[in-house]
Amino acid sequence: MSELSVNHLLGIKYLQKSDIDLIFNTADHFKEVINRPIKKVPSLRDITIANLFFENSTRTRLSFELAEKRLSADTINFSAASSSVKKGETLIDTVNNILSMKVDMVVMRHPNPGAGIFLSKHVKASIVNAGDGAHEHPTQALLDSYSIRERLGEVAGKNVVIVGDILHSRVALSNIFALKLQGANVKVCGPKTLIPKYIDSLDVEVETNLIKALEWCDVANMLRVQNERMDISYFPSTREYTQQFGLNKKILNSLNKEIIVMHPGPINRGVEITSDVADSDQAIILDQVQNGVAIRMAAIYLLASKIKQ
Amino acid sequence: MIRRIKKYLIFALRTFISTQYMSQKVLLTAKEVQIILQRLACQLVENHSDFSNTVLIGIQPRGIFLLNRLQEILEKEYQINDLKTGQLDITFYRDDFRRSDKPLEANKTKIDFVVEDKRVVFIDDVLYTGRSIRAALTAIQSFGRPKEIELLSFIDRRFSRHLPIQPDYNGRQVDAINEEKVKVNWKENEGEDIVYLISK
């Protein structure tokens, strides 16, 4: 197959395994492109992409913008903090105004779950979800799986544990969908208060003992505790969280095998992982960031190829 | 008995379909292909001598077979052993992105050197509209500014050009109309060296 089955990238839930394979194979080519002396291809020179960020972002916004520029697309950037959204404009109005300036694709991050899906039903543009509340963050999950594939050869059959704040994490949900779709075994690990009630419906095992989870896994994806999404206290103190669910070099060295450590960033050094773990050879955090550009180039390129002239 | 009748019916049906809808004519046999390959290799040596400042770039996907065959001859018969070769995919530089009915599928690019100030020879099996070579001219710039670029094509469909692009080394010129297709088969891929002119 050489075409995506979807017209928007709203979540991993809506993708098929063949879509993920296609994105990965295309990303392989773009990874080669971004390592050339001139890191740019002219494919999307007649495409305009609007990056709408209604929520803070550094890594994802820069990664998307770089991917778009590497593909020669024209880009416009928008952040809610300095826009008419503050004056009471609705989401559809904001986006339709931007689209009337002949924009072909919208990359959107929004604090409300399902914002991308809602938008895809009301506007004529290809929508890429760059994170919608605690729902999905498809490109992050794709780059995580791509990084596992790059390091371990394949994702199928690998044991992956996602550690930390599962309840508030869009990265966790998208990763669970992506990993399961590719045939990996997934466990989640964290304080019971930060494990969502619906976890059983995702066919994912829960482990509350970090050491046991790490002994089982090939890959540990350490998530950040999302204090900004917590309206109540989910654990007694950060210190206690770190003692029970923080990964340090001593734990990593005590394991009977060498596991891979991932983190979607931003890292709270000393909370979910210590600096010596984050900077170790077993951590592929910076590989994830580099792969993010290639994956986003692939996703945008494949979606754009479905926008016919 | 039933099996023989079935086999005969399939053969008859295939023959009927091919005569009704498609016919193919042999343009070049294996022997002729080999003679042309020898000549092209010889012409390359004539112009590039020891290839010390020359790189051969095969255009993906089908230029690679031709590149490998030429490399084999250059190494065996002209003892040019440190030949620099690369594979260039032009998918992301094509001018029919979003215009083609078929999705464009990328192939691998493998150029482990910079082409700055090098003499580059593009190698492709069929030169048709010239658009692939136009894309390749843009694509190669990502690897530096070559001193010069030449084009070697095995088949030149000379009256089908959309752009002012001509080969420097030419296997065989073919006058084919747009409805016809020229297919170059290589023994490494299709089992035998043969060139067909296929009419729909």
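Every residue gets a Cβ built from N, Cα and C, even glycine.
TrEMBL: automatically predicted annotations, no manual curation.
Source: prediction; values computed, not measured.
Pulled from TrEMBL, these are the features on record:
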- A:R59, A:T60, A:R109, A:H137, A:Q140, A:G265, A:P266: carbamoyl phosphate binding site (BINDING)
- A:K87, A:R170, A:R224: L-aspartate binding site (BINDING)
- A:8-150: domain 'Aspartate/ornithine carbamoyltransferase carbamoyl-P binding' (DOMAIN)
- A:157-302: domain 'Aspartate/ornithine carbamoyltransferase Asp/Orn-binding' (DOMAIN)
## Note on the structure
A:R109 (carbamoyl phosphate binding site) to A:R170 (L-aspartate binding site), Cα to Cα, whole Å, comes out at 12
### Query
Hey, how far is A:Q140 (carbamoyl phosphate binding site) from A:R170 (L-aspartate binding site), Cα to Cα, in Å?
9
### Task
Please report the number of other Cβ atoms within 10 Å of the Cβ of A:R224 (L-aspartate binding site).
19
### Query
What is the number of other Cβ atoms found within 10 Å of the Cβ of A:K87 (L-aspartate binding site)?
6
### Summary
Out of the binding-site residues A:R59, A:R109, A:H137, A:R170, the residue with the smallest number of other Cβ atoms within 10 Å is A:R59
### Query
Quick one: which of these binding-site residues, A:K87, A:R170, A:R224, have their CA within 10 A of A:H137 (carbamoyl phosphate binding site)?
A:R170
### Message
Which secondary structure state does DSSP assign to A:R109 (carbamoyl phosphate binding site), in the simple three-class scheme?
### Response
strand
### Nearest recorded site to A:T60 (carbamoyl phosphate binding site) by CA-CA distance, among binding-site residues A:K87, A:R170, A:R224
A:R170
### Message
Beyond the listed site residues A:R59, A:T60, A:R109, A:H137, A:Q140, A:G265, A:P266, identify every same-chain residue whose Cβ lies within 8 Å of the center of their Cβ atoms for the carbamoyl phosphate site.
### Response
A:S57, A:T58, A:S63, A:A130, A:G131, A:V171, A:P264
### Query
What is the pLDDT of the domain 'Aspartate/ornithine carbamoyltransferase Asp/Orn-binding' (A:157-302) when averaged and given as a whole number?
92
### Tally of DSSP helical, extended and coil residues in the domain 'Aspartate/ornithine carbamoyltransferase Asp/Orn-binding' (A:157-302)
67 helix, 24 strand, 55 coil
